[in-house]
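Straight from TrEMBL, the features:
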- ASP30, THR85, THR126, GLU163, LYS273, ARG335: NAD(+) binding site (BINDING)
- PHE160, MET161, ARG162, GLU163, LYS212, TYR259, LEU260, ARG261, PRO262, GLY263, GLY267, LYS328: substrate binding site (BINDING)
- CYS270: active site, nucleophile (ACT_SITE)
- 321-412: domain 'UDP-glucose/GDP-mannose dehydrogenase C-terminal' (DOMAIN)
Amino acid sequence: MRIAICGLGHVGIVTAAGLLRDGHTVIGMDSDGAVCDVVKSGLSPFREPEVGEIIAAGHSEGRLSIADGLSEIAEADVAFICVGTRGLPDGRLDLSDLQAASQTLGEAVRLRPAELPPILLVFRSTMVPGSMSTAVIPTLRAAAGETPGQCYNVAYQPEFMREGCALADYFAPARIVIGEQSPGTAGKLKDLYANINAPIVTTSLETAELIKFADNSFHALKVCFANEMGRLAVSSGVGASELLQLFCMDTKLNLSAAYLRPGGAFGGPCLAKDVLALAQHMKTSGISAPIIDHIIPSNQAHTDFLISEIKRRTPLRSRILLVGLSFKANTDDVRQSPLADLAQRLLTDGYDLAVYDSDLVASDGKLQLAPWLAKIVLQQIQANDTWDLVVIGKRQPSAIKMLNSSIPVLNIDRL
């Protein structure tokens with residue numbers, strides 16, 4: 001294919017190298033004339049393993065060039081937009097270069113020969129969710145004089161390439177994520193990656209925008225968590241590396257997908273107690289531990305969020321059935337249960353609340369309950385029961401099947 005790349009920074013030049021290695025023709029474009037001159041001479045503007053050699057080979061074979069005008073961009077099959085979005089002092093991203101690139105690409109679309117199929121514009125610049133819909137596409141539409149779908153289509157593909165091993169990451173990603181404005185528009189992009197052995201996931205523009213931030217935030221969190229544990233280990237006379245090696249040996253819960261499912265807050269007799277004890281121990285030891293200190297507040301903030309979601313769906317004094325009360329499925333233990341906390345807050349706010357939990361019914365768990373809670377726990381539910389809202393707090397398939405399907409449901413066990 002004939003591929004245009006707008007923005008020849010680290011992401012753009014590595015993308016160019018990857019495409020060249022797969023045999024495609026690349027036309028580069030950058031607002032920095034010095035960068036263009038370097039690439040035009042067959043060199044890479046950045047040091048990155050293997051990239052320089054591929055750029056040189058592509059140049060000598062006549063498959064790499066710098067665009068002299070918009071008409072060359074207009075005739076490409078695909079255009080990648082890889083311009084930077086630097087961070088501003090207040091934390092926001094500066095989209096000015098991205099907006100300028102969108103304007104330029106929109107103008108190029110106007111020059112596209114009518115006999116050619118729509119060009120696919122693939123944005124790779126990091127941007128917060130909603131930026132494609134509220135900033136990029138409106139700029140494109142105004143510059144092109146038409147909406148996507150006729151002369152051009154739009155996709156968003158976040159990049160997950162690390163400096164120092166970027167080309168290796170390009171050819172061996174964990175997955176390729178493609179955000180589509182309209183289903184099916186990214187088919188050409190899938191063909192482009194046919195030689196890469198990785199799952200290709202198509203999703204919404206917003207999900208594709210957000211996954212980059214989810215990845216990087218979690219990576220940063222892992223580093224900081226390891227360092228907090230390391231500080232505690234050193235202070236305790238424990239080998240920090242040995243501690244983390246032991247931690248990493250647990251691939252069932254620690255290094256796995258376990259717990260990484262958005263739903264209810266955590267609870268039970270162990271997690272909160274141990275987190276609070278560790279936070280207090282680190283405080284008395286004079287060890288700064290911002291992550292550990294904020295685990296409980298974050299958990300409480302999530303319960304606040306769930307309460308607000310319930311209030312958004314049904315007015316005060318509504319009849320609500322809460323399905324689930326113990327802190328997790330297959331137990332009748334209600335100690336430190338976030339669902340008990342949720343129930344108390346809903347009652348305090350004035351809702352007409354009832355609770356059903358098959359785990360409690362099976363074990364007569366009401367003996368463990370405070371009197372105020374025991375009064376609202378049902379022993380059974382019927383299909384003809386009427387509720388304004390059913391809140392699913394934990395997995396109870398048999399209970400859900402008994403409910404009238406017309407009743408609104410909020411599943412907080414899985415957001």
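Numbers here mean position along the shown chain, with the first residue as 1.
Every residue gets a Cβ built from N, Cα and C, even glycine.
Unlike curated records, TrEMBL annotations are generated automatically.
The two recorded residues THR126 (NAD(+) binding site) and PRO262 (substrate binding site) have their Cα atoms spaced 24 Å from each other. LYS273 (NAD(+) binding site) and LEU260 (substrate binding site) have their C-alpha atoms 21 Å apart, to the nearest angstrom. Considering only the binding-site residues ASP30, THR85, GLU163, ARG335, GLY267 (substrate binding site) has ARG335 as its nearest partner by CA-CA distance. The residues of the domain 'UDP-glucose/GDP-mannose dehydrogenase C-terminal' (321-412), classed with DSSP into helix (H, G, I), strand (E, B) and coil, number 31 helix, 17 strand, 44 coil. Ranked by Cβ neighbours within 10 A across all protein chains shown, the binding-site residues PRO262, GLY267 are led by GLY267. A separation of roughly 13 Å, to the nearest angstrom, links the Cα atoms of THR85 (NAD(+) binding site) and LYS212 (substrate binding site).
Comparing Cα positions, ASP30 (NAD(+) binding site) lies closest to PHE160 out of the recorded positions PHE160, LYS212, LEU260, CYS270.
With the fewest other C-beta atoms within 10 Å around its C-beta, LEU260 stands out among the binding-site residues ASP30, PHE160, LEU260. Whole-number maximum of the Cα to Cα distances across the NAD(+)-binding residues ASP30, THR85, THR126, GLU163, LYS273, ARG335: 60 angstrom.
Recorded residues LYS212 (substrate binding site) and the residue listed as 'active site, nucleophile' have their alpha carbons 33 Å apart, per Cα-Cα distance. It is 18 Å from the Cα atom of LEU260 (substrate binding site) to that of CYS270 (active site, nucleophile). The Cβ of GLU163 (NAD(+) binding site) lies under 8 Å from the Cβ of HIS10, GLU48, each of which sits 6+ residues away along the same chain.
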